[in-house]
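I have placed the structure first, in the form of C-alpha cells, so that the comments after it can refer back to it.
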Amino acid sequence: MARDNISQVTEFILLGLSDTRELQLLFFTLFLLAYAMVLLGNLLIIVTVRTDPKLSSPMYFFLCNLSFIDICYTSVTAPRVLVALLSGHKAIAFEGCMAQLFFLHFVGSSEMFLLTVMAFDRYTAICRPLHYTAIMARGACWALVGACWAGGFIHSTVQTLLTLQLPFCGPNTIHSYFCDVPPVIRLACTDTALTEGLMASNSGLISLGCFLVLVASYVLILAKVRARLSQGRWKALSTCASHVMVVTLFFVPCIFTYLRPPGTLPSDKYVCVIYTILSPVMNPLIYTLRSNEVKESLWRLCKRCRA
C-alpha cells in the first residue's frame, strides 16, 4: 500500500532541546564543538592507524572501523540539529525523517555489533594468546566487520518497515531533536502496543544482548588474568578498561531508551545526547589516552607533517 493512502502527514516538527533562544545558542555552540571533535578526533585515528605499520594488529583495525562508524553515526543527526538550532527551522519532511531513522539504526546497531566483536578480540588476545593470530586473521577480521554492517542493515530495515506501515494522520510534533522509533510511533493514529513490543524486542533486546555478551567477556577476562598477571596481560587488561568506558556510555542509555515501558519521560531527549553525541566524542579521547602505541604514532605523524 502506498504511503499516501495510509498517512496524511507530510512533515514532522522536531521540538529540539529547548525553546529558549539563549539556550538554543548555547546548545549550538556545544553541539558544534562536539561534532568538530568527533570529526577531527576520529579522522586523526583513521589516518594514524592507516599510515603506521606498527598499528596493524586486529585491535587497531577494529578501532579504525569504530572511528569511521562514529563519524557516520554522529553525521546522521548533528548537521541537521546545528542548522535547526541556528535557523530555528524545526520541520523535517516525512521522507527525511524516515531516512534519518533508517541510517541512525543502521549505523548505531552496526556499532553495537562492532563493540561486541572488539570485546571478543580482547578476550582472544588475553585468554587464548597462542591462538590469537590464527583466530583473528585478516580475513576473519574483514568477515566480522562485514557481518556487523550486515546485521545493522537487517535490524534497521525491520525497524523502518515497522514504522512505515503505521498511519500518521494527526499530531506531527516530535519531542526530540531527531527522528527515532519511540517518539515517532507515538504519533501514529492507531494502537501501537504490538508495534512497540516488536520494536522493543528488536532494538531493546539487541542492546541488552550485546551488553550482556560484553559483560560476560569482561568477567571471563578478569577470571583469567587474576591467576596469572604478566606485564603483557596487564597491558591488554588496560585496553579493556577503555572498552568498558565506551560500552557504558553507549549501551546503558540505549537500553534505557528502547527497553523501558512505553511513555514519554522528560529526560528522554537528554539521555539521547549521551549516545548520539557524548559517546562518539569520548571514543577517540579514551582510546588515544589509554593507548601508548596510538599516542606514539600520533607524535610521529605530527613530526612527519611538520617536516
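Any Cβ shown, glycine's included, is placed from N, Cα and C.
Listed as Cβ neighbours of the transmembrane segment (25-47) (distance under 8 Å, sequence separation of 6 or more from its ends, same chain) are residues 16-18, 63-64, 67-68, 70-71, 74, 78-79, 81-82, 85-86, 277-278, 280-281, 283-285, 287-288, 294, 298, 301. Annotation comment: TrEMBL describes 25-47 (among others) as transmembrane segment.
Per-residue pLDDT, averaged over the domain 'G-protein coupled receptors family 1 profile' (41-287), rounds to 84. Among the features that TrEMBL reports, domain 'G-protein coupled receptors family 1 profile' is placed at 41-287.
The transmembrane segment annotation in TrEMBL covers 59-78 (among others).
Under the heading transmembrane segment, TrEMBL lists 98-120 (among others).
Cβ atoms under 8 Å from those of the transmembrane segment (132-154) belong to residues 58, 61-62, 65, 105-111, 113-114, 117, 121, 124-125 of the same chain, restricted to positions at least 6 beyond its ends. What TrEMBL records for 132-154 (among others) is transmembrane segment.
Residues 109, 112-113, 115-116, 119-120, 122-123, 126-127, 155, 233-234, 237, 240, 244, 247, 251-252, 254-255, 258-259 of the same chain lie 6+ residues outside the transmembrane segment (204-225) yet bring a C-beta within less than 8 angstroms of a C-beta in it. Marked as transmembrane segment by TrEMBL: 204-225 (among others).
What TrEMBL records for 237-258 (among others) is transmembrane segment.
Sequence annotations record features per position, and here TrEMBL assigns transmembrane segment to 270-289 (among others).
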